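Chemist: I'd like to ask you about the structure that follows.
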Amino acid sequence: MNKAIKVSLYISFVLIICALSKNIMMLNTSDFGRAIKPLIEDIPAFTYDLPLLYKLKGHIDSIDSYEYISSYSYILYTYVLFISIFTEYLDARVLSLFLKVIYIYSLYAIFTSYIKTERYVTLFTFFILAFLMCSSSTLSMFASFYQEQIVIIFLPFLVYSLTCKNNKSMLLLFFSLLIISTAKNQFILTPLIVYSYYIFFDRHKLIIKSVICVVCLLASIFAISYSKGVVELNKYHATYFGSYLYMKNNGYKMPSYVDDKCVGLDAWGNKFDISFGATPTEVGTECFESHKDETFSNALFLLVSKPSTIFKLPFDDGVMSQYKENYFHVYKKLHVIYGESNILTTITNIKDNIFKNIRFISLLLFFIASIFIRNNKIKASLFVVSLFGISQFYVSFFGEGYRDLSKHLFGMYFSFDLCLYITVVFLIYKIIQRNQDNSDVKH
């Protein structure tokens, strides 16, 4: 295939994806402030009428004014400082376009690490697979200011770095791992996951790899330790809207210090409901104000008292009612993704219909399979991505319980999609390899 034609087709595909997704975005559920507070005035929450064109502050606050330490926030800050030289506005559509271009390239990097795209059939195979990875549930993140979007770009790059064996890949590994692990508290286990792969399956240059993983882990711990503002809410939800509620619903004996009347009520007095997500009450913030002393260790008491919970929790009725890529916030009628409905929205709906209740168990199967696979490329990819996805389930639940679990499980959903993508690419690679071997034998 002529290189100019190949590049033209690739650019055309990227532009089609960007055009289809330009009006698909995410609701601000009061979390945008963590990333944009020093840069622009507060973006209205719970409104579907955002302009996506935001005026920058006349004087951008210093970078140390962030209360929530996140690699995403610092990347956004750097971007805004640069564009402020030329404009007074942050255009979320333009920013999301750049991010989509990088995301598609990360998928292309994984694909070409197995299969060369010198023929039309292989290039269009990539287009089909990449298109399926561009659902509204994924691309809508780029028009928001949620830290989770870091995973969309840097998890594929992390996978690519694991499958290459050169100094450049080691540098890519470091930056990808550092950015993911410091993007949000719930990604803290990522360095340990990568390190466990190296310990058990790939000890080549283990000292360098160990240093990388330790540095990233320490950076993540630092980010968590110096972040402010949301910890008390998370601890309350992890217990009274999480572990205690699970124990109550399953007939387990709760600790004597638990206030039964507050179990199942979030910090604003919304009562958990499987059918509706939640229902309003007149309690308000009374329960939260009375139990600000809760700890994450209290939430983990569930695992200590009932170890079988680690196997049962993913199949809990309350949890399964949250398995939905068309995310909702607390109330099931309050959809997080909004905008133009098109084929990208259809992909999200199809994924929900087919994979709704099997994503977790599928990730577990991917993980088990990775242990026995001989090919080191696919082994590394599936081991790390599946274990990352599994970890996201437990960190999300024990980090904030059932509250907003639908969106908090984004990392698990995307990991499942990426495992499928990698597996299909690998199977196509094996088919091509077998056909080439048969052709060589005939000649």
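Cβ coordinates come from backbone N, Cα and C, glycine included.
Below are the features I grabbed from Swiss-Prot:
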{"type": "TRANSMEM", "residues": "7-29", "note": "transmembrane segment"}
{"type": "TRANSMEM", "residues": "68-87", "note": "transmembrane segment"}
{"type": "TRANSMEM", "residues": "94-111", "note": "transmembrane segment"}
{"type": "TRANSMEM", "residues": "121-143", "note": "transmembrane segment"}
{"type": "TRANSMEM", "residues": "150-164", "note": "transmembrane segment"}
{"type": "TRANSMEM", "residues": "179-201", "note": "transmembrane segment"}
{"type": "TRANSMEM", "residues": "206-225", "note": "transmembrane segment"}
{"type": "TRANSMEM", "residues": "358-375", "note": "transmembrane segment"}
{"type": "TRANSMEM", "residues": "382-399", "note": "transmembrane segment"}
{"type": "TRANSMEM", "residues": "409-431", "note": "transmembrane segment"}
Chemist: Can you name the far-off residues of the same chain, 6+ from the ends of the transmembrane segment (7-29), with a Cβ under 8 Å from a Cβ of it?
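Modeler: Tertiary neighbours of the transmembrane segment (7-29) are 43-48, 50, 52, 92-93, 96-97, 100-101, 104, 108, 123, 127, 130-131, 134, 136, 139-146, 329, 334-340, 342-345, 404, 407.
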Chemist: Count the CB pairs under 8 A between the transmembrane segment (68-87) and each of 94-111, 179-201, 382-399, then give me the winner.
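Modeler: The stretch I would name here is 179-201.
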Chemist: Which one, 94-111, 121-143, 179-201, has the most C-beta pairs under 8 Å toward the transmembrane segment (382-399)?
Modeler: 179-201
